[in-house]
């Protein structure tokens, strides 16, 4: 039978439940177990796809086309695996599924209630993930005591009894605040949080304590005694120089001992040699390179979580620190040539990230033009590719009114236009118009890209076919391909249907733009190749360009 580890959070949010969950899963995976993960989000949205980046942070896209919580990205990067739609679900999805069943008559006229119908649907989804693995780690979003989370806590409480006490474990992530004025660490918030869990019928088997200061032995013993857990199951989680250090910190505290004891796993000895080697490269690299990151959601940098991690991973594998120079695209709109020189003077590469809407677009166009004219290595992603084509069409082809239909539906030169027909990740034909609903209507998930030999994109991938993930409604208009090629911008990647997937400049040290999101396939142990090529060429350029 599969084993279950449920990770809850107390006191307040953003304590690092996702990293804690991923770290535990990683240690178990490196101990030889087949591990998967689930993230439960208690909000009523069906998925985060239509939520503002400022509200939710990044929307992570899986191989099978799900728009998910950014923690799914953390799980994939830690476990070096691909997850999917079944690994993330929300209150909205649960209620929608139950209501659809009720409308079909699946409940045979019964009154539909939280218990058993909602809780049964939650348990069914968790069990579905557990079917093919040894251990599933389930992170429950939110904080204990939130009204939205009660059905989920009840469901996992029931599940524990169904699978038996040696097949389920509860890990509670909590805060031990340090009061500077008193010079003391305080345990009372954690004690109250555990009491709240107990009222629901759950007693945690382990505490993971976020803290600014190391926890004295006496304080750990106090927590263990007051919360009724074993003393070796109080784990401290101090801030680390990188999140990838956290599994190693946990391992140094023998976190697997109480886990193995509770789940009857035997002696565990994870091999973290390769992991430790990469972490050292992240913390103490020999070289450095500065990259300008041009975006429009910089107030919440978690909007670009996967891309930031991809740069870090590429740097680690090149023994290099990637210093990110954050540049708000709206600030560039007001900048003259002298100001642009000042902004980009010390950077060795320019990255223009994806986004939606017209805000900040003119600033991104200025950054792209600067990279093109000054021979600075450039990577454009999603909108960053579309704008690279618009900039080239306006300033090199002389098409003054070249634009995207996203910003000007009536543009006379639609070099970027709405994808009105495509085959989705499940093989189904999809039709779209400007009036189609926003939720779940984009080109989503992994698609094949055929790479043209003799291009920089081919040099990066060393393959003529790759699978990368997409999240977009608009696409470069293939009708302009010949005109672009004649002036030096070539299409270096296309989809099965012939959609433009990548463009690059022939007479430039390294100018590549892609419609897909390479950051979504990036992993700690296997960085995305086009992002790593960008970082590598930016470093080369700072020394020779």
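Glycine is treated like the rest: Cβ placed from N, Cα and C.
The record from Swiss-Prot ties 146, 147, 148, 186, 187, 188, 189, 190, 191, 222 to CTP, and of the options 2, 13, 14 it ties 13 to that site too. Of the listed candidates (47, 64, 69, 71), Swiss-Prot assigns 71 to the same ATP site as 14, 15, 16, 17, 18, 19. Checking the candidates 333, 338, 406, 497 against Swiss-Prot: the one annotated together with 355, 383, 384, 385, 386, 473 at the L-glutamine site is 406. Put simply, 18 is the one of the binding-site residues 17, 18, 190 whose Cα lies nearest to the Cα of residue 385 (L-glutamine binding site). Residue 15 (ATP binding site) sits 19 Å from residue 147 (CTP binding site), taking the CA atoms of both as reference points.
Residues 13, 146, 147, 148, 186, 187, 188, 189, 190, 191, 222, recorded as binding CTP, reach a greatest CA to CA spacing of 31 Å. Cβ neighbour count within 10 Å across all protein chains ranks 385 highest among the binding-site residues 15, 19, 147, 383, 385. Neighbour list (residue 17 (ATP binding site), Cβ cut-off 8 Å, at least 6 residues apart, same chain): 7, 8, 9, 139, 140, 141, 173. The binding-site residues recorded for this entry are 71, 147, 188, 189, 406, and the Cα of 71 lies nearest to that of residue 519 (active site).
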